[in-house]
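Participant: Once you've had a glance at the structure underneath, I'll fire off some questions.
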Amino acid sequence: MARPGLFISFEGIDGAGKSSHLEALAQALRAQGREVVCTREPGGTPLAEKLRALLLAAPMDALTEALLAFAARRDHLVQVIGPALARDAVVLCDRFTDATFAYQGAGRGVDFEMLSQLELMVQTDIAQMPGLMLEPDLTLWFDLPPETAAQRLAGVRLPDRFESQPVEFFRRVAQGYAARAAAAPQRFVRLDAAQERAQVWQQICAALSERGWLPAPAAGSPATGPAHMPANAA
Ligand code: TYD
């Protein structure tokens with residue numbers, strides 16, 4: 001039986017512009033009468049936000065990073081994501097497990113098999129869905145050349161531990177996302193994040209309307225009208 005709710009994750013290297021589109025999509029879905037929960041990883045609960053602060057600031061080895069990310073994820077799934085899906089809400093999550101494979105796996109060298117085992121353990125038996133491994137129904141992958149992302153991020157704010165990594169690190173992270181996308185082509189939609197903000201938004205609307213989650217766009221116009229268009233690509 002299909003599980004209730006709709007779970008959409010937003011992924012991409014730092015600077016790819018996913019956050020502002022998440023807010024816009026929440027508005028568009030709420031306009032359809034859906035309950036929408038916007039959240040992020042690591043984070044989304046008081047405990048997971050504490051783990052996020054450690055992960056982004058404290059020096060640690062790569063496996064410790066992965067374990068913290070998954071510990072935060074378990075709490076987030078149990079407290080927020082699982083219950084929201086069980087009551088048939090839409091969950092829009094800024095990053096999820098693909099980020100751990102991309103950053104800690106491809107970027108920092110943690111063994112993929114180990115990450116797969118953690119994924120299975122952490123994402124199974126949540127809420128009233130025993131035996132099911134919870135994962136997104138759709139992953140919007142904001143794909144952007146690492147050099148472009150670095151230019152966008154330069155000087156915007158004080159970089160965290162990941163944002164301050166060299167462009168070579170982000171090349172590996174981007175390859176990690178590409179590998180995850182190739183392994184789950186039905187779940188992933190690749191967005192060309194180098195395009196103008198309005199065009200990226202149209203790609204998102206097209207992906208959702210193809211699945212029947214947003215109305216089909218009227219010919220020649222954005223799917224949900226300019227009111228939902230994000231003002232900033234953060
Ligand atoms: P991000 O989601 O980009 O938030 P902000 O917009 O505040 O920068 O930052 C979270 C960082 O955490 C990002 O650099 C990727 C990293 N991260 C991991 O390394 N592993 C993970 O499992 C997750 C979810 C995030």
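Any Cβ shown, glycine's included, is placed from N, Cα and C.
Features from TrEMBL:
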DOMAIN    10-204  domain 'Thymidylate kinase-like'
BINDING   Gly12, Ile13, Asp14, Gly15, Ala16, Gly17, Lys18, Ser19  ATP binding site
Participant: Could you pull the average pLDDT for the domain 'Thymidylate kinase-like' (10-204)?
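Facilitator: Overall, the domain 'Thymidylate kinase-like' (10-204) comes to a mean pLDDT of 96.
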Participant: Just to be sure I understand the contacts, which binding-site residues have a Cβ under 6 angstroms from any atom of ligand 1? Candidates are Asp14, Gly15, Ala16, Lys18.
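Facilitator: Cβ < 6 Å from ligand 1, in sequence order: Asp14.
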Participant: Other than Gly12, Ile13, Asp14, Gly15, Ala16, Gly17, Lys18, Ser19, which residues of the same chain sit close to ATP? List them in sequence order, counting a residue when its Cβ is within 8 Å of the Cβ centroid of the site.
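Facilitator: My list of surrounding residues reads Phe142, Leu144, Ala149, Ala193.
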Participant: Secondary structure at Lys18 (ATP binding site) (DSSP, helix/strand/coil)?
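Facilitator: Note: Lys18 (ATP binding site) is helical by DSSP.
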Participant: Comparing the binding-site residues Ile13, Ala16, which residue's C-beta has the most other C-beta atoms within 10 angstroms in this structure?
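Facilitator: That would be Ile13, with the most Cβ atoms nearby.
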Participant: Counting other CB atoms within 10 A of each CB, which of the binding-site residues Gly12, Gly15 comes out lowest?
Facilitator: Gly15
